[in-house]
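Here's the structure, in structure tokens; my notes come after.
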Amino acid sequence: MYAALPDRCAGIEFDAITPDEKGNTFFFKGSHLWKGYHGAAQLANQFFTELDDIHHIGHVDAAFRMHNAANHEHNYFFLDDKVFSYYNHTLENGYPKEIQEDFPGVPSHLDAAVECPKGECMANSVLFFKGHDVHIYDITTRTVKTKTWSHLPVCTSALRWLEHYYCFHGNNFTRFNPVSGEVSGAYPKDARHYFMRCPDFGHGGDYEVPKCSEIKINAISTDDEGKSYLFSGSMYVRLDTRKSGLHSFPITRSWKEVTQGVDAVFAYDDKMYMIKDDHVYIYKTAAHYMLIEGYPKTLNEELGIEGHVDATFVCPNTHTVYVLQGRNMRSVDLTATPRAVVEDLPMPFSDIDAALCSNEGIHLFKGSDYYLYETPMILAMSRMAPVPQPVTNALLGCQD
């Protein structure tokens, strides 16, 4: 007689949580795991073949993904005094090893682990949890500093998700600062509301990835810190975090004053410009998108533009924004005061949904297709639209 599968919606405590190199998040409990934020439990050895009774593993104490590795990404699993290193879901040669061989100074019988890159921690690090002690392992120097965070619950698993850090305990989680351990806000919270889809519970961050043939976007932009955003309706998606999975959120979560969606977005000089109808909202990038005092302003006041805007783009290391309106492409010098249209250039087609300029060229999105041009001048000189190319998973993270 088969034992019943564990049910995470019943309110269980996870042994470990980790993403893999493809952005799938795995939740471990005993000899089972869950892939992603919904679905039934499966045997862990269906994904990590050595996690079985033959190798006497059966469960894991802690796990994390190492994306700072020189050659490729690893998933590390810890059990008692051993560490197992996986690449592409295959146990690497020479493993398991003693934890001290790979992570000198890190104790055995861990409770949880999570990687913390430089910029979020003081150096590229791994946080190892054991009781209320946190052992901060510097990946470069291979040294450990230990802190005691008695105010934080004992974490049985930990997760870095969209640049935030979560300590899981029981069926709850607490968000914490990875440097100080500080907890801000009303915690703990029930994980079933946020990290899984359960009946009678809300779920946050779970994103039904659309088919590429059905995708429709309103704007797309990359800010000066390399964060890439796709906007659709009242929601946005971070594209650069796809290795942690794609997740959609209300636009008002990050830009609370923009309540009716966006028509166009572009980044310039550590600021994010968001256009809706005849108004421009400008946010400081470095200050968690704080609206600059005095905004929104009208399009005419800010850019010397009137009328509906279809899309905008700024190419890397330039000071010109191109504003697409119907069959016109209008360039505005962002260093000028006051700002005004410098050139009014023709477009080979109209009704563009969104535009993005990168080192690869200019992508113009229209429905589920896009057009690619090398430069703004080549776009302006074109008399006919090129053959459209279908949007792909590699471009926008949608389902091919």
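Cβ coordinates are placed from backbone N, Cα and C, and glycine is handled just like the others.
Annotated in TrEMBL:
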type: REPEAT; residues: 11-51; note: repeat 'Hemopexin'
type: REPEAT; residues: 57-106; note: repeat 'Hemopexin'
type: REPEAT; residues: 152-198; note: repeat 'Hemopexin'
type: REPEAT; residues: 259-306; note: repeat 'Hemopexin'
type: REPEAT; residues: 349-398; note: repeat 'Hemopexin'
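Mapped onto DSSP helix, strand and coil, the repeat 'Hemopexin' (259-306) counts 5 helix, 21 strand, 22 coil. DSSP assignment over the repeat 'Hemopexin' (349-398) gives 10 helix, 18 strand, 22 coil. Applying DSSP to the repeat 'Hemopexin' (57-106) sorts its residues as follows: 4 helix, 21 strand, 25 coil. Mapped onto DSSP helix, strand and coil, the repeat 'Hemopexin' (152-198) counts 3 helix, 18 strand, 26 coil.
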